[in-house]
Amino acid sequence: MLSAQERAHITQVWDLIAGHEAPFGAELLRRLFTVYPSTKVYFRHLGDHPDEVQLLSHGQRMLQAVGVAVQYMDNLRAVLSPLADLHAQVLRVDPTNFPLVIQCFQVVLASHLQGEFTVEMQAAWDKFLTGVAVVLTEKYR
């Protein structure tokens, strides 16, 4: 459960990056593929060497989903249920990869927002994104 202050931190950070989902998402994917190359197996549709347009497109979709989660943080299960079904039943993404995505996204936030991304904001985002990952893994059986 997020506190009022944590919710405020999440919303404040999202307001700073909203509208920039594509470049932030592309950078997240580049970092993910560089640091954790084994994750590329879940992005076969991007090919072995995805071009910038592919990264921007998929990165935008990923972060738009995060934006929806931010908008409906009180109702994550209902909002993310279709995405959880997709990842568990269709894409069959190993849920151990979600923390890797979370880590890379937080690095992207920190590198762009620098001093604006405080320790408290990072902690709130870590808690929030971990909650998102929990919801996404609930459909695995």
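From the backbone N, Cα and C atoms, a Cβ is placed for every residue, glycine too.
Look at Swiss-Prot and you will find 1-141 tagged as domain 'Globin'.
Per Swiss-Prot, the feature heme b binding site maps to His58, His87. His87 (heme b binding site) carries a helical DSSP state (H, G or I). Sequence-distant neighbours of His87 (heme b binding site) (same chain, 6+ apart, CB under 8 A from its CB) are Val93, Leu136, Lys139.
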DSSP-assigned states of the domain 'Globin' (1-141) in counts, ordered helix, strand, coil: 115 helix, 0 strand, 26 coil
PLDDT averaged over the residues of the domain 'Globin' (1-141): 93
